[in-house]
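To keep things clear, I will list the structure first and then write my remarks on it.
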Amino acid sequence: MGQFISFMQEIPIFLQEALNIALVAVSLICIVKGLVNLYRCGLFQLMVFLVLAGRSCSEETFKIGMHTQFQEVSLSLSALLTNQSHELPMLCLANKTHLYLKSGRSSFKINIDSVTVLTRSADVFVHSPKLGSCFESDEEWVVAWWIEAIGHRWDQDPGLLCRNKTKTEGKLIQINISRADGNVHYGWRLKNGLDHIYRGREEPCFEGEQCLIKIQPEDWPTDCKADHTNTFRFLSRSQKSIAVGRTLKAFFSWSLTDPLGNEAPGGYCLEKWMLVASELKCFGNTAIAKCNQNHDSEFCDMLRLFDYNKNAIKTLNEETKTRVNVLSHTINALISDNLLMKNKIRELMSVPYCNYTRFWYVNHTLSGQHSLPRCWMIRNNSYLNSSEFRNEWILESDFLISEMLSKEYSERQGRTPITLVDICFWSTVFFTSTLFLHLIGFPTHEHIRGEGCPLPHRLNSMGGCRCGKYLPLKKPTIWHRRH
C-alpha cells in the first residue's frame, strides 16, 4: 500500500520523461483494450445471466430497452439550523417530558408542573409580546414567538408573569394553562398547541388541577439533535406571525476569508520571486569533489593554494606584510613536492612542463558541464600548440561524454519507478489473456431455437420457464452469444 501511495505522489515527476509517458500510454491502452475484450467475449454477460436469470418471474425484474431508473433523494435541512443570531428555532423532546427550545445562541427549557413560582404582587405582569423587562433582546423575540406558536393571543388571553431579568434568581416566565373554571378553554388551546409542536409528549397535568408552564434559559442538552420536522410544525403553527414580524436571513450567503477569518473579497494573490544568475563561469562542487578524490593535479594544487591564501589573509588581515609573506611562502610549500620536482626535471630536460598559470578543459556547450581542468604545458618558455596534445583533449572529451551519458542513464533509471514497469508488464499480460478469451467467445444466454429471447427467464430442456410462468413449449433451446 505504501509503494502505491508513493507511486501516486510521484506521477507529476516521472511524467516529465518521454519513456515514462510511453509506459503509461502502453499500460492504459492494454488495460482499456483488455476490458473491451472481456466485455466482447461474453464472460460477464454469461455470469450475470446464470446468477440473475430465473430468480423471479416478475415482469419488473429486468426492463430490456428501458432507460428509466427508480431513484430517491433525502433532504437534510440541518445546515439551515446554524449557530447564527437569527436562525430558525429548533425544538427537542427528551424522555417525552422535557421540552427544549433553541434559536441562535439562546436555548430554553420548558417545564410543566403545578408548582407556583411567580406571583403577581412580586413579579412583572406582561400582556404584550414586549418582554424586554424579562429577557435580553436576542432572547425576547424567540420566547414571544414560541408563546404565540402554542396558541396564546396577546390581545384576548390572560396576561403572563415573568421575573425581572435584573434579579439574581435567573430569568423565568410563567404561564397558567390550568383547565379549570374560566381558564378551561385557554388551557385546552395551549395544550393542543404543545401537542402539535412536541409530538409524543406526555401530559403531566390532569383535568381540574393547577398546571403551569415555566420557561427559563438553560444549555441545550447534548442528546438533542437538530430535527427540521419539529421546526416545520412550529412554523405552521405561527404562520401569521412569520409573515408579519420575521424575516429569514443569511441562509445562502458566503464570503471569501483568509485562514484567520478576515474578509478577503479579492481572494488570494500569488507572488513569484525569481533569481537572476550571472554569466560568470564557475567551477563548482563537481570540480572540488574530483580534487578531493585525486590529488595529483596541478589545478587542484592551485585551488588549495588559493584557498589557503584567502583564509590566511582573512585571518591575519591586521598582521604585518612580512608575516603575511612568510605565511604565504609556508602555505605555498604545501603544493605537492612530487609535482614540483617532476616539473623541474622536465624543464631541465627540455620536456614540456607546467608553470601553474594556464589550464585547459573540455566544455560541453549544451549542458554546461566540463572536465577537470588540466595544466597547459610549456616547452622552451612557450605554451604548446593545442594540436600537440590533441590526443589528450580528445580523450578527455570522450571521458566527459561517457560520464554525462552514465549520469543521465542513472537519473533516468531513478525517474522510472519499478511500480510503473510492473503495471506495464501485467497490463500487457492482461491484454494478451483477454485477447484469447475474445477469440474463443462465450455464450451469453439461452433461448428457444428460431424465436426471440425470453429474458429474464431461465428455460428448461422443454423450452418452458423454470419458474412456471410459461408452459413448456416442447421446443429445442440453444445457447446464443448475443441478443
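Placed from the backbone N, Cα and C atoms, the Cβ positions cover glycine too.
Values in this document were obtained by computation on a predicted structure and should not be read as measured data.
Looking at Cys224, Cys269, Cys282, the record from Swiss-Prot puts Cys92 in a disulfide bond with Cys224. Using CA atoms as reference points, the recorded positions Asn164, Asn176, Cys375 were checked against Cys224 (disulfide bond), and the closest is Asn176. Counting every protein chain shown, the Cβ of Cys92 (disulfide bond) has 20 other Cβ atoms within 10 Å. On the 0 to 100 pLDDT scale, the topological domain 'Cytoplasmic' (444-483) averages 61 in this prediction.
Of the candidate recorded positions, Asn95, Cys162, Cys205, the one lying closest to Asn380 (N-linked glycosylation site) when CA atoms are compared is Asn95.
In the three-state DSSP scheme, Asn95 (N-linked glycosylation site) falls into the coil class.
In sequence order, Gln369, His370, Ser371 make up the list of same-chain residues 6 or more apart from Asn363 (N-linked glycosylation site) whose Cβ falls under 8 Å from its Cβ.
Note: the CA-CA distance between Cys211 (disulfide bond) and Asn95 (N-linked glycosylation site) rounds to 20 Å.
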